[in-house]
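Visitor: When I checked TrEMBL for this same protein, it listed these features:
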type	residues	note
TRANSMEM	25-45	transmembrane segment
TRANSMEM	78-102	transmembrane segment
TRANSMEM	135-152	transmembrane segment
TRANSMEM	164-185	transmembrane segment
TRANSMEM	205-234	transmembrane segment
TRANSMEM	246-273	transmembrane segment
TRANSMEM	293-316	transmembrane segment
TRANSMEM	337-355	transmembrane segment
TRANSMEM	375-392	transmembrane segment
TRANSMEM	413-435	transmembrane segment
């Protein structure tokens, strides 16, 4: 349940809707689905395998142990260093976005958007995020909650959060999706949304869309950031790694697609722009909710409660690998390590809190998001499929796949021959397009 909670998060709502809306809808989703099946599930399987075989909550030590057992260089620990740093950088800005979410819960409870025109609704968001001292207390509140949950340990903290919050997450999400689809059939919003989400325009597929889709898949499923290596160390031997990988990957994908049905019918019904980026979540949807009369505050509050539940499960998971590293490397208790790593997280997160210009341009957050999502996560994913596919001892793989040999062998073929090529091509295209193309 903790692994499902870590993969299903705010990335399925805020980031997926923004990326899909900005990158052609169905064209983006097609690449996203291919990436999940042919890349993300094999990467996830590889991370679980290394975590359980390495038997250490510290992802770096897990990779080192598997390398020793396989009689190969321990330099492969680079993959867990890249992943752990990426996950840590992500959680620093993730807590900032989550702070916006928490603030919006109270805005809807207070009916702050009642009677506002579209420009005024946009102004509320821009004014809020461009005033760091308004964001700061909500950021600190969410960050401290994350640290506290991690300090309680994976069984008491993360599992407790996942067991309580995930059922609520699914109920709220499905309910909102049904409401959005049914209530917007007559006005054409549902039809336009279905066309946008499920009728691909192949002319829109290019390197940028492929890079965005792969980055979103990694971000959403939670791979490449050492999270699943850490969770792999907690997996009992009676749990099938191949089956668990498929379940987590497909569950995450289903949630993202349902989230699209909860968001885009409303967007099209009100004639709003699907390619609004972060504004799709924090400007266009509140604008739509504000136009719903008495039901608007209730639906809006429910939606942002949903986003909060999604955010807290993932933020706990993103911080976990760094805490495990600090705890094991420096011989600290889990609780003390959580507060040490969490304090650094808060300090770095202030860059994203204050890195906003008066017009609401979140340049610091966007830069960290782009680099981690489109470079660091795919790089860590590429390294681990090469490691597991070509360097890990076959006896280790056979032991870990003993209860699901057929499925494991299929995923191993993808790990060796398909995933590395897919990731390498998109990664090179992404780096060239972002940093070298004129």
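Placement of Cβ uses the backbone N, Cα and C atoms for every residue, glycine included.
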Visitor: Please work out which recorded stretch in 25-45, 135-152, 413-435 has the most C-beta pairs separated by under 8 angstroms from the transmembrane segment (205-234)?
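Guide: The stretch with the most contacts is 25-45.
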Visitor: Using Cβ distances below 8 Å and needing 3 or more such pairs, separated by at least 6 in sequence, tell me whether the transmembrane segment (25-45) contacts the transmembrane segment (246-273).
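Guide: Contact between the transmembrane segment (246-273) and the transmembrane segment (25-45): present, because at least 3 Cβ pairs are under 8 Å.
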Visitor: Test of understanding: applying the rule of at least three C-beta pairs under 8 Å (pairs 6 or more apart in sequence), is the transmembrane segment (135-152) touching the transmembrane segment (164-185)?
Guide: no
Visitor: Quick test of the contact rule: Cβ under 8 Å, at least six residues beyond the ends. What residues does that give for the transmembrane segment (375-392)?
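Guide: Answer is 39, 42-43, 45-47, 49-50, 53, 63, 66-67, 70, 72, 76, 78-80, 82-83, 85-86, 89, 214-215, 218-219, 223-226, 412, 415-417, 419-420, 423-424, 426-427, 430-431, 434.
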Visitor: Can you work out which residues elsewhere in the same chain, 6+ from the ends of the transmembrane segment (246-273), have a Cβ less than 8 Å from its Cβ atoms?
Guide: 3-4, 7-8, 12-13, 16-17, 20-21, 25, 29, 32-33, 36-37, 40-41, 44, 170, 173-174, 176-177, 179-181, 183-184, 187-190, 192-193, 196-197, 220-222, 280-281, 284-285, 287-289, 291, 303, 407
Visitor: List, by number or range, the same-chain residues at least 6 past the transmembrane segment (413-435) whose CB is under 8 A from its CB atoms?
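Guide: Long-range Cβ neighbours of the transmembrane segment (413-435): 35, 38-39, 41-43, 45-46, 207-208, 210-211, 214-215, 370, 374-375, 378-379, 381-382, 385-386, 388-390.
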